[in-house]
Amino acid sequence: MASPPHQQLLHHHSTEVSCDSSGDSNSVRVKINPKQLSSNSHPKHCKYSISSSCSSSGDSGGVPRRVGGGGRLRRQKKLPQLFERASSRWWDPKFDSVNLEEACLERCFPQTQRRFRYALFYIGFACLLWSIYFAVHMRSRLIVMVAPALCFLLVCVGFFLFTFTKLYARHYAWTSLALTLLVFALTLAAQFQVLTPVSGRGDSSNLTATARPTDTCLSQVGSFSMCIEVLFLLYTVMHLPLYLSLCLGVAYSVLFETFGYHFRDEACFPSPGAGALHWELLSRGLLHGCIHAIGVHLFVMSQVRSRSTFLKVGQSIMHGKDLEVEKALKERMIHSVMPRIIADDLMKQGDEESENSVKRHATSSPKNRKKKSSIQKAPIAFRPFKMQQIEEVSILFADIVGFTKMSANKSAHALVGLLNDLFGRFDRLCEETKCEKISTLGDCYYCVAGCPEPRADHAYCCIEMGLGMIKAIEQFCQEKKEMVNMRVGVHTGTVLCGILGMRRFKFDVWSNDVNLANLMEQLGVAGKVHISEATAKYLDDRYEMEDGKVIERLGQSVVADQLKGLKTYLISGQRAKESRCSCAEALLSGFEVIDGSQVSSGPRGQGTASSGNVSDLAQTVKTFDNLKTCPSCGITFAPKSEAGAEGGAPQNGCQDEHKNSTKASGGPNPKTQNGLLSPPQEEKLTNSQTSLCEILQEKGRWAGVSLDQSALLPLRFKNIREKTDAHFVDVIKEDSLMKDYFFKPPINQFSLNFLDQELERSYRTSYQEEVIKNSPVKTFASPTFSSLLDVFLSTTVFLTLSTTCFLKYEAATVPPPPAALAVFSAALLLEVLSLAVSIRMVFFLEDVMACTKRLLEWIAGWLPRHCIGAILVSLPALAVYSHVTSEYETNIHFPVFTGSAALIAVVHYCNFCQLSSWMRSSLATVVGAGPLLLLYVSLCPDSSVLTSPLDAVQNFSSERNPCNSSVPRDLRRPASLIGQEVVLVFFLLLLLVWFLNREFEVSYRLHYHGDVEADLHRTKIQSMRDQADWLLRNIIPYHVAEQLKVSQTYSKNHDSGGVIFASIVNFSEFYEENYEGGKECYRVLNELIGDFDELLSKPDYSSIEKIKTIGATYMAASGLNTAQAQDGSHPQEHLQILFEFAKEMMRVVDDFNNNMLWFNFKLRVGFNHGPLTAGVIGTTKLLYDIWGDTVNIASRMDTTGVECRIQVSEESYRVLSKMGYDFDYRGTVNVKGKGQMKTYLYPKCTDHRVIPQHQLSISPDIRVQVDGSIGRSPTDEIANLVPSVQYVDKTSLGSDSSTQAKDAHLSPKRPWKEPVKAEERGRFGKAIEKDDCDETGIEEANELTKLNVSKSV
């Protein structure tokens, strides 16, 4: 897995660094872009940072300049760089980094070695054929021609064997140079080898019998073909630097022509006159220029594609590593809020943005319909709903006794720190006891065992968890000098588990058994675990168990109605004589778990900095004598080493490792960060409870390195880039993909098509897509720019060959044939048109008209491009053959020169590497067969003349009469020898062309495949990051996530935050468990909550944060994002937005009821504002929550409110009334800790009647609703409140609270007065004076006052 530097490279940052072509640090420019904080904006995923702008071409984008006299701006067009990270030395294409260049040469070495071996095979095969040719025809002594060729064949065998040694891998460049010089020497030596008489043959036809001393063994066509082959091998397979190859090639051409002219065969090829000598030299020079132009082009493009492919494959490997990290990041992020089995289902839909997924959920499959027997079926499509019923699940609720008193004199930051510390211990213990943490509600902590994955020992897990929590809080009190205790309740039964809503979702459980478990905690005793009879049935006698005696302790009044005769028990600990499971005790006593052979050197999440230390491991081995083994679960524990303790103090094994990591002196220490933000290790990926906070800190820390040190980047840029390149090299060296990629390409070895048919179709349409998308040209490897270079080379070769052909007529003082002129004119028009279209397609595609753009897109298709390419690549050959006339048969210079030009026309088919090699090689074969046909076919219509052009070889007369041929027979060369030599020449040349075309197409396809793989990985990573962002926004607010990147914890005080609690008050009447345990009822509730969540996606409500859902209660707040508050026109503008949101929730419920056939839900809303504290609690499962009296009062405004109306406090009334809202004064209610409070109701009654009595009565407590919710307030326990009515209407009803649910039938279509006018909505009053109230934090002694039970339980 990736190391921390790799993490730094994975997460892009907003610092841009660029330099000039020289890479001088003095010219480095640093640009820091501001972070985009909008949750809806996603930065475009950039390529791996190895692709920097520090290249030889500088800024390829160009500088805008004004065109003409108008105001139109056009970018200045510049040539792109050779390849990404190319050096400024164009004459030696290399990377600008030594590390990258060495890695590229190392990774490309299999391809280099393979091509060099192919070159040895070709050279050896050519030597063998020429040896056979000379030996058969006895054109020279064997010792002169055959022996050197055979000796060189043995040398090639030696070179081939040398390629299998390690010495060749280190010195393959010197080996190529040595072979090149040997080939040069051998081929140049053949230039001055003359024909020598051979005894033993008396026939007059023997060529050597009457040979002159100046007659050479090879014709000019044969020797020129050998020159072409040598030069092409030099430029394509010898792998020497470009400047060295070019110098050697030019030197070889000069020596070749020098030797060839000096040892010219005067008998067959008389020297031209003095006037025509300069035309001869110019023509030969142009032919050699064509060879070098084609060779340099092939060399450069081969290097460009090779290095581009290396970068693409390297980026693909890096993106593969990124993909692993992003996948682990996303998995651990979602596992931090829900179990793995539930997360896997949710991950399937996480590939969409939250707002898009909401729309998709609204139109989901119609199969998800209401299935409750008492509800009539209706054609309503539900959102995806993941909830399942599980039996035999143990539920644990734990409450901190004395928390109100402890928090009375604590600041917000201190309180959040204490809760984070304490709940961190519980999270660690929950993980070790195999329980699944559900959530925290204020100071309440609850978890389950046997859900969502069944466990046979679920009851033992919860009991051990409860006992461990009691011990953990005892240690907490000793360390923090506090006086708090734990009250734990456990019950076993059936639950519904799943997720409700579309935003700020979390895994939760619901059922009546859940409520009963909550009741067990409320009726329990501090310091003991209160269990039900259902849980006791799953336990043996290992625990000290006593009767619960609930009635004796609390009385008969309400308990009998609550428990309904259920027997309860209290567990104080394990029996001393049979303590079977001691996991919690061992963890709390400073022991740590030993997992098999791997010794954990600290709590999970500390990374590998200490676990890999040999001294730490040795210290741990010394403690094996003190090992402890749990008799129940078999877990082995060892004493924790003192090195892991902080400052030598005894460490708590269940305590989170960074409870004190934020020191005033040092701040957060990366080494002691949570495990999720440390470099992800393989053994940590299976952990289902890890910290999201660590993920955010890791991303922020590594992404912020360059931001924090941006001022030093100009001086350290080179060092940073070297380290980056070194890390890039280290990563790709560990991956086998690079070697397999070059040595085993994913293509068919015969057809060269991709093995994947879909990839092959994509490859054939890639060029057209480049044109359609108008993709920018960045490097020479770009398909459109590569085509431009091919067309330019084709035009150059065509003009050069045409010029040399016309020069021969100038030298011979013969007018050129009309056919050649016509072909030249038409071909030149095609070449110029193709060149103009290519330039237009590369640089000015955005300026063409629509019709021209469609034409260019059609031309870029696979078949049209091949047809046009076949024409362009054949134009040089067509131009050469257009000069073949009857003069070709009489003047020896014409067939020799035409044959030489035809050789260049054949090798020109190595151009246009984007086209099929089969097509180009086949066309080259057809063109190569042309000279062979011309040698044996006469073009002269008179049969009495020479029968074929081969007869012209036997005529050395300077006469141009085609019907006069008198050559002494003893000086004539046999025509068959020239024909056989030409056949051998073209066969070897075509063999080289077929080989090079195949290699170059493979190289081009590899480059495309590397690009596709890199883009595919980038797309996957971007999708992963989008999913992670989507999940992140649904776990905690975006601005909180940004803060957690740089801070260990998050807590913030807000002076004026708005809070609402909205409850579906009659959901208990709708809820039934007689069908699928009430699952379909919660499906309906999920739809309603989803509609509420959909409101939050509107821009008008962007300042509102959903906090949580508690059963059928929806909690939201505003004013928590200080950045948005500063942008607002008034500090209290968010309160108006929150109130409008509450009104919109009322409308949503009315619309929802219109689709219900028999039941109408009723919404009750409580509103309050004031100072509050927002923070993130937890270490393995984070929870964003808010605390304070403001939250408590808002909860009371809901629980004491009125159906279908919004109840607000007096402080909120003063603010909202000045915004134009009209309220009814209700009276006063008793709020715990606040006494009597005046409240107001919205909307105001329109008939000026007083409020009915049934609206003044107290609604059932949210904590004990029968809707299956756990119903606990986010802070302290909710008291049983009795309001004090200020005034009562004469006609008020006298209904009591027992009949409230039946009498409360408010009309859902109550006429509401619109209180806010357009001109008044933006007007706000001055600061609101608040009443001074004494804060009381003393808990009520009698726990019964917290129970408000309805008869329906």
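The backbone N, Cα and C atoms fix where each Cβ goes, and this holds for glycine too.
Taken straight from Swiss-Prot:
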BINDING   D399, I400, D443  Mg(2+) 2 binding site
COMPBIAS  16-27  compositional bias 'Polar residues'
COMPBIAS  1292-1301  compositional bias 'Polar residues'
COMPBIAS  1302-1326  compositional bias 'Basic and acidic residues'
DOMAIN    1058-1198  domain 'Guanylate cyclase 2'
REGION    1-27  region 'Disordered'
REGION    49-71  region 'Disordered'
REGION    349-375  region 'Disordered'
REGION    642-684  region 'Disordered'
REGION    1292-1326  region 'Disordered'
TOPO_DOM  1-117  topological domain 'Cytoplasmic'
TOPO_DOM  163-171  topological domain 'Cytoplasmic'
TOPO_DOM  193-215  topological domain 'Extracellular'
TOPO_DOM  236-241  topological domain 'Cytoplasmic'
TOPO_DOM  260-280  topological domain 'Extracellular'
TOPO_DOM  302-786  topological domain 'Cytoplasmic'
TOPO_DOM  808-818  topological domain 'Extracellular'
TOPO_DOM  840-867  topological domain 'Cytoplasmic'
TOPO_DOM  913-920  topological domain 'Cytoplasmic'
TOPO_DOM  942-975  topological domain 'Extracellular'
TOPO_DOM  997-1353  topological domain 'Cytoplasmic'
Discussion item. As a quick check of your reading of DSSP, tell me how many residues in the topological domain 'Cytoplasmic' (236-241) are helical, how many are strand and how many are coil.
Written reply: 1 helix, 0 strand, 5 coil
Worksheet item: Hey, what's the Cβ neighbour count for D443 (Mg(2+) 2 binding site) at 10 Å?
Response: 24
Worksheet item: If H, G and I count as helix, E and B as strand, and all else as coil, what does DSSP give for D443 (Mg(2+) 2 binding site)?
Response: coil
Item to complete: Please indicate, using numbers and ranges, the residues of the same chain that are 6 or more beyond the topological domain 'Cytoplasmic' (840-867) and have a C-beta under 8 Å from a C-beta there.
Response: 74, 77, 764-765, 767-768, 770-772, 774, 777, 782, 784-785, 787-788, 914-916, 919
Worksheet, complete the sentence: Same-chain, non-site residues whose Cβ lies within 8 A of the D399, I400, D443 Cβ center for Mg(2+) 2 are A398, V401, F403, G442, C444, Y445, V484, M486, R487
Discussion item. Counting only residues 6 or more past its boundaries, what in the same chain has a CB within less than 8 Å of a CB in the topological domain 'Cytoplasmic' (913-920)?
Written reply: 301, 751-752, 767, 783, 786-787, 790, 865-866, 869-870, 873, 994, 997-998, 1000-1001, 1003-1004
Worksheet, complete the sentence: The DSSP breakdown of the topological domain 'Cytoplasmic' (163-171) into helix, strand and coil residues is 5 helix, 0 strand, 4 coil
Worksheet item: Per DSSP, what is the residue tally for the domain 'Guanylate cyclase 2' (1058-1198) in helix, strand and coil?
Response: 67 helix, 40 strand, 34 coil
Fill in: Surrounding residues of the topological domain 'Cytoplasmic' (163-171) on its own chain - C-beta under 8 Å, 6+ positions past either end
109, 113, 116-117, 120
Worksheet item: Tally of helix, strand and coil residues over the topological domain 'Cytoplasmic' (840-867) according to DSSP?
Response: 23 helix, 0 strand, 5 coil
Response to the item:
Per the Cβ under 8 Å criterion, with at least 6 residues separating them from its ends, the topological domain 'Cytoplasmic' (236-241) contacts 92, 112, 115-116, 118-119, 172-173, 176-177, 179-180, 248, 295, 298-299, 302, 996, 999
